[in-house]
Amino acid sequence: MALAHRLCRLPRLLPLAAAAAASKPYLPGKPSPAPPPPLSSPPPFPSLSRLFSTTPSSSGDSSMVVVGSAESFTSIMSKVEAEKLPAVFYYTAVWCGPCRAMAPVISKLSSRYPKIPIYKVDIDMDGVGSKLSDLKIFSVPTFHFYYQGRKTGEVVGANATKLESTMESLHKQL
């Protein structure tokens with residue numbers, strides 16, 4: 001958080017640094033240095049929606065589903081348990097660096113195993129907090145694997161190898 005605070009203050013400090021550089025005293029007998037180039041604003045950061053895009057692969061066979069509300073999360077979880085469906089729940093957050101690192105792996109797995117839906121759940125979504133503590137989600141990324149309506153596996157952290165092997169095991173059970 002301190003880094004973000006420092007980064008937020010950076011644009012306010014840049015004009016001060018430019019003014020200090022421009023106010024250097026003139027020394028006779030020495031050529032004046034060329035004036036610094038005008039300050040330009042940094043390029044904008046990509047939008048969070050682009051960083052966490054869940055657009056299906058070009059073949060259109062992705063099984064990634066973004067859970068949009070606490071109500072839909074509860075509904076999906078109930079359906080998976082009641083109908084004994086295979087599923088993966090991917091608990092993530094937009095501010096999570098390891099989650100961003102795992103995004104391409106998850107995208108690849110959702111295309112490789114289209115019969116296993118992957119439900120992407122943002123832990124910062126309103127109304128989800130109590131459900132997450134009931135499920136013992138304490139860090140992200142966390143992946144829960146369901147088979148025949150019950151949780152059969154869990155991967156915590158950005159461990160691509162373990163994630164792929166657990167997904168393969170779930171696929172073999174189908």
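Glycine is no exception: its Cβ is also placed from the backbone N, Cα and C atoms.
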Tell me which of CYS8, CYS96 Swiss-Prot records as disulfide-bonded to CYS99. CYS96
Comparing local Cβ density (other Cβ atoms within 10 Å) for the recorded positions CYS96, CYS99 points to CYS99
Count, for each of the recorded sites GLY97, PRO98, the other C-beta atoms lying within 10 angstroms of its own C-beta, and report the residue with the smallest count. GLY97
